[in-house]
Structure formats: C-alpha cells, structure tokens
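First the structure, then my questions, so here it is.
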Amino acid sequence: MITGIKENLQKIKNSIPENVTLVAVSKTKPIADIQEAYEAGQRVFGENKIQEMVNKYDNLPKDIKWHMIGHLQRNKVKYMAHFVDLIHGVDSFKTLKEINKQAKKHGRVINCLLQARIAKEDTKFGLLFSDIEEILSSEELSELGHINIVGLMGMATFTNNQQQLQEEFSSLANFFKKNQEKYSNLNTLSMGMSGDYQLAIENGSNMVRIGSSIFGVRNYIV
Ligand SMILES: *Cc1c(COP(=O)(O)O)cnc(C)c1O
C-alpha cells in the first residue's frame, strides 16, 4: 500500500524554516503509520488522548518525543507523567499543580505550554491573556519545581478567512513576545495546523502541529 507518509513529511519539512519544530499529529492513526514516519526521520509526535498516547509509547521506539496536544483530563495526567515531553494544552492552575505532583513522583520536570484562547468561536478551550499573565506572575507558580512553562499554544478559528486567522495569530504572537521579555523560559509558540501553518509561521510560530497533511484524513472525528 502506498501511503505517501514519507513524501508528505518531506514536502512539509521543505516548506518550513529550520527553527520551526514539526509535531506530527498521529491521533487516531495506527502504530504502523507512526513507524513509517519514524523511519523517515520524524521524532516528535502529538496525540490528543492520554490513553492512546500511552499505548503508542509502549509500542514504539523510546527516542520518540511525545507531545500531549489535547484537552487534559486531570485524573489521567499520572499515566503519561513518566514520559511525556511537552504538554501543550494546559488551561488552568489546577492542572499545572497536578502535572507538578505527578512529575515529582518520577523525579522529572515536565515542560508545559499554556493554551491561549484566540479563536472567536466559543467551542475552543484556553485561557484569556489576563489569566495567563496572572499565572506567569503568581507566587504559587514559583513553588512548582517540577514543571517548566516554556511557551504558549493557540488554535485559530476553523475558517478560511485569512484576515481573521492573521488577526488571531498575530495577537497571540504579540502577547508571546511581550511576555518573553519578562520570562526568559518562554521560547515556544505552538500555533498552526495543516490548513493554516504557513500563515502561523509568518506570524511568528516556531512549533506547528500537523496531522492530516502528513497522515491523511482521520477515520473518525475526535
Ligand atoms: C488534530 C489537531 C491538530 C492537527 O490537525 P490537522 O488539521 O490534521 O493538521 C493540531 N492541533 C490540535 C490541538 C489538534 O487537536
């Protein structure tokens, strides 16, 4: 069977600058597809369900960096705390505390991104900019020694309106830059998916999360 995963990956890699990290979003896709991407050199994969990511971690090479990109269920953080490389979708202080607690059990420091709400749709999760500022500046955060907030993540509105996408990406990028001046740990801005990653990169993204353009359309809605 010709899947084209390798060719798709190559095409995307050629179209993004070197400083941009490509997260291959493999949610719903079988182990064999991930293995194929791995053999083509891809090492960073993103999943949106903790249990599915754990199953894949158990069955694939251990030098893969696993990113959790989905909405987090706090009671499941413990299942991925021993291996997760980066958690993109942190949207509450409570969740940060839970990640810290579970990371501590494994003697790890887990890198996290705070998810900002940039979409106009109210179906998207995420924190208001003011909530993010509050978290970053809080006394309590400095007491959490087992997490490291390394950046921000955002999902734009599901639309073809380039003007709107542009506005959403640039507002997050500006907010990110402003906070980078204050917090030296911030180095990652995760924004851009299959349909909008070029625009996201033009607006300052340095991490894109791409699924369907690599692995093809997903078999079921997630
Ligand atoms: C599924 C998903 C992606 C990838 O979407 P594609 O359009 O298939 O590239 C990126 N980010 C998040 C948070 C996702 O859930």
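Quick reminder: no glycine exception, Cβ is built from N, Cα and C everywhere.
According to TrEMBL, the protein carries these features:
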- 5-218: domain 'Alanine racemase N-terminal' (DOMAIN)
- LYS27: N6-(pyridoxal phosphate)lysine (MOD_RES)
I'm checking region-level scores; what's the whole-number mean pLDDT for the domain 'Alanine racemase N-terminal' (5-218)?
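Averaging the confidence scores along the domain 'Alanine racemase N-terminal' (5-218) gives 96.
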If you count Cβ atoms within 10 Å of the Cβ of LYS27 (N6-(pyridoxal phosphate)lysine), leaving out that atom itself, what do you get?
18
Work out the three-state DSSP category of the residue listed as 'N6-(pyridoxal phosphate)lysine'.
coil
